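Here's the structure we're looking at; comments come further down.
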Amino acid sequence: MSKTYHFIGIKGSGMSALALMLHQMGHKVQGSDVEKYYFTQRGLEQAGITILPFSEDNITPDMELIVGNAFRENNKEVAYALRHQIPFKRYHDFLGDFMKSFISFAVAGAHGKTSTTGLLSHVLKNITDTSYLIGDGTGRGSANAQYFVFESDEYERHFMPYHPEYSIITNIDFDHPDYFTGIADVRNAFNDYAKQVKKALFVYGEDDELKKIEAPAPIYYYGFEEGNDFIAYDITRTTNGSDFKVKHQGEVIGQFHVPAYGKHNILNATAVIANLFVAGIDTALVADHLKTFSGVKRRFTEKIINDTIIIDDFAHHPTEIVATIDAARQKYPSKEIVAIFQPHTFTRTIALLEDFACALNEADSVYLAQIYGSAREVDKGEVKVEDLAAKIIKPSQVVTVENVSPLLDHDNAVYVFMGAGDIQLYEHSFEELLANLTKNNQ
């Protein structure tokens, strides 16, 4: 039966994906959010989903309310619902109930969740009817789907309402220092989550923290080294992507190609191959559809302006920065790699300052944008982006949105914009600068 859903904070990456999914399943969907433009709203607008400013008038008692995790009691719509005793569910609680109707495939991990969820969704939807929810704001819903693929987020232990049949865990790393106290706290959260997986876990076997995970369901380890249950080997990385074989229990189960770059994407693909193999999906079909994966939003997204290659990536943790630069070097081995990075949150910048500097030294030149503070924190003046610049060995400087012209001082370069804040404003400024150069040269 069709329902009416109202999303409070509909532009969030998970919320927008869920809204799209429910819309495609035939439900009436609307939502509210701040006026600022987010890349997620394009898909909502294309689907004809109404996006409203926050107002008490948006809510009627017959609606099912889904509230984004960033919105608390000081939001006027949340306050109205509480005052009038109109029930609502948080995003993760709704998802925990929703998945009970499907055979569910989850992807968890500190890094690589969105790319791996996108890859698993792409392969499975091309083999059989599948609903999915990806952290880049993409969602697909089918009333007849047997399978549901989704991204499982560890922040504030939001994945605890989830009890999937299968789950990949890509890695464990210290992140979200505003919530987690250290790596042991992160590992404990993942261990609690792992105990809820019903049929099987697929865990990166070369991660020391992940090796400590214990769960009632069988754990299959994947990676490059002997001793893993699923081993990627005979690897060839070219400017067209990555080719490799996978063996399980000493037997070759297939030869694969992914049009993606970086070692991390070979691992992501191996996790997907392992999961679908154990779930009984034809490996030959999996290999066919891996070849056609075009990526997910804001993960190594490329464009060319005035013969200049620009890469946009969500990387906002040192591990992700290293992986993104590695991918850029694989695809463009003869070009200078210029990194433009915006630190995301003051707490993360303070906690990982040395690691950020070390990661950015993998680039040939570095430009830094001002730190993007989270809505959850206040700038106490404890760290400035210049503190990071001082620790970087490679040539580096701070740029502003108004003046990105120093980026023009490079020939034969690939420009890699990385961050989870508003780094795209800097990217757009650079694109306008390049476009104006073209006009002036005509």
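Glycine residues also receive a Cβ, built from the backbone N, Cα and C atoms like all the rest.
Sequence-distant contacts (6 or more apart, same chain, Cβ under 8 Å) of Ser115 (ATP binding site) comprise Ala260, His264, Asn265, Asn268, Gly295, Val296, Arg299. Annotation source Swiss-Prot lists ATP binding site at Gly109, Ala110, His111, Gly112, Lys113, Thr114, Ser115, citing sequence analysis.
Note on Gly109 (ATP binding site): other Cβ atoms within 10 Å of its Cβ, all shown chains, come to 25.
Note: Gly112 (ATP binding site) has non-local neighbours Thr170, Asn171, His264, Leu267, Asn268, Ala323, i.e. same-chain residues 6+ apart with C-beta under 8 A of its own C-beta.
Within 10 Å of the C-beta of Thr114 (ATP binding site) we count 21 further C-beta atoms, all protein chains included. The Cβ of Lys113 (ATP binding site) has Val107, Gly135, Glu151, Ser152, Asp153, Thr170 as same-chain neighbours under 8 Å, each 6 or more residues away in sequence. In sequence order, Thr170, Asn171, Asp173, His264, His317, Thr319, Glu320, Ala323 are the residues near His111 (ATP binding site), counting only same-chain partners six or more apart with C-beta under 8 A.
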